[in-house]
Amino acid sequence: MIEVSGLRKRYGQTMALDGMSFTVTPGRVTGFVGPNGAGKSTTMRVILGLDAADGGHALVGGRPYRSLRSPLRHLGALLDAAALHPGRTARHHLLWLAHSQGLGVRRVDEVIELVGLAPVARRRAGGFSLGMRQRLGIAAALLGDPPALMLDEPVNGLDPEGVVWIRGLLRSLAAEGRAVLVSSHLMSELQDTADHLVVVGRGRVVADTGVAELIEAASGGRVRLRTAEPAAAMDALARAGAVVAATGAGTVTVSGLVSERVVAVLGGSGVPFSEVAAHRATLEEAYMELTGDSVEFRAGLRASGSSRSSGSSGSWGDGR
Amino acid sequence: MTRPVPGTGTRLREVHAEWTKLRTAPGTLWTVLALVAVTVATSAAASALVSCPSSGCGHDAVRIGLAGVQAGQAVTAVAAVLAITGEYGTGMIRATFTAMPRRGAVLAAKAVVVAGLTLASGTVAVLGSLLAARLVLPHSGFTPEHGFPPLSLADGPTLRAAAGSVLYLALIALFSLGVATAVRDSAAAAGVVLGLLYALAAVPFVMVPDPDWQLLLWRISPMNAGLAVQSTANLSALPLTPWQGVAVLTAWTAASLLLAALLLRRRDA
């Protein structure tokens, strides 16, 4: 379990963390999302004791990280996959980490096997692709078999096979009862991975909610209707008290009526239709809904996304 | 979700991890070879170039035979700098402090393994230098007839000079490690260390005419003072005794490590 409470951190003029508080509970994947510069990486560095917070505290299993004697057995972290000596082999990189935790070479070979690096374990890490480095970083995070894991943008730069692999790994780690925190600046990345979301902007939490609840709320009991005669359908439904909107060629979104009523009304009016389904919002739509009235957060979006501020929804730029 | 702990006690884990890092770094073996080669070659060259044409020429044969330490220390200094700045340069320092959050213990562990390796390779370099000098010096006129018996560790002052030279190299390594931890950048740290060693050693004679200032600068120069331990002749003419010189270098080393420990604790990694 990871608990973050009231973290504050200022770098010069920039308020990086401004009362960041949330909890990562065992047995589920918690997505940590927000635009670049929202404070995700800083929060992770503070949790790991790399940066000192100006206020508040972060606890891992109820204790400050820096007080842990074998920290990798409590929390495994992947912050920056490139942060290793390029001349050392993957196996030797893991070996010194293992020795720092009182672990032996057997555990090193286990995690190498686990992340699929066995064929290249004795090669220098400097020659690794980004995907291989990510795997090596994940091997390091898993080294101490920790009950909590924290990964900063783990799918960045991975090929599709790697992305699928990471998603499956995160799911299975959570299923084993571990607390998993995974950050991303892309909502869509977390759609099928996270159970819970901590949405951040400008150094504080904007929303702390379950993924299912968030999508449920954003879907708002709307019904999507596919029909060859949208005008007649809209007319009939409006008369029945629904709020209707044409959302595409032959598609109408209906709110205020459950799908059974929609079917009955259309049937009664003799309007043909090919499909009536509950509208399911995407995580990105849910996110836009969520932050639609958060003026300050939108300002934060603009401030951080220089080139992409007017770009497609849910993507706030690259890197950190 | 824990597994049994084999072997190492918690206290020595940092040392174990740092030793694994050092021995698996590709540059380590080359550093050891370079230290020995540069030191022995320079000592042999100095022994060949100097000459003692007559009886009582006033030279310090032991000091000449150990002259290579003045060149070898640069290898040691740069290697010790890279032991820490290499981690800052690649970002690996964050992996280090994530695995071992007690930063003071990490610095101490690095100091132990760097000093240990320097003591071992420095011993080889110094013994090699004495052996080379013992073979070469007679050809330069350092003969028993001129008052120079063959160099031997059975001679008290020679043994002190040899052991002191090994100690000198280890102190230089630790001094460099401390400076590099404070500075964090490879080039800047190497510049500061080599500047403090060579420039501070030369400046008094090049730029300072006042003899009192010259004396003071000689006494506080880590290289001049530290290498006093190599002297076996005209000891009374030295501004410091051999062991006082070692104490000066030790003070520099302690100060640099202390500064490093304070900064490590205070700074974000």
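Cβ from N, Cα, C; glycine included.
Curation plays no part in TrEMBL annotations; they are all automatic predictions.
Marked as transmembrane segment by TrEMBL: B:29-50 (among others).
Positions annotated as transmembrane segment by TrEMBL: B:62-84 (among others). Residues 22, 27-28, 31, 34-36, 38-47, 50, 93, 110, 114, 118, 122, 125-126, 129-130, 132-134, 137, 151, 157-158, 161-162, 165, 168-169, 172-177, 179-181, 184, 186, 189-190, 193-194, 197, 223, 227, 230-233 of the same chain sit 6 or more residues outside the transmembrane segment (B:62-84) yet have a Cβ under 8 Å from a Cβ within it.
Residues or ranges marked as transmembrane segment by TrEMBL: B:105-137 (among others).
Within the chain carrying the transmembrane segment (B:157-180), a Cβ under 8 angstroms from the stretch's Cβ atoms is held by residues 35, 62-63, 66, 69, 72-73, 76-85, 107, 110-111, 114-115, 118-119, 122-123, 125-127, 130, 151, 186, 189-190, 192-193, 196-197, 222, 226-227, 229-232, 242, 246, 249-250, 252-253, 255-260, all 6 or more beyond its ends. Taken from TrEMBL, the feature transmembrane segment covers B:157-180 (among others).
Residues 73-74, 77-78, 81, 85, 172, 175-176, 179-180, 214, 217-218, 220-224, 252 of the same chain lie 6 or more positions beyond the ends of the transmembrane segment (B:187-208) yet place their CB under 8 Å from a CB of it. Marked as transmembrane segment by TrEMBL: B:187-208 (among others).
The transmembrane segment feature in TrEMBL is assigned to B:243-264 (among others).
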*Who are the chain neighbours of the transmembrane segment (B:243-264) in space, where the CB to CB distance is under 8 Å and they lie at least 6 residues beyond its ends?*
103-104, 106-107, 111, 164, 167-168, 171-172, 174-175, 177-179, 181-182, 196, 219-220, 222, 224-229
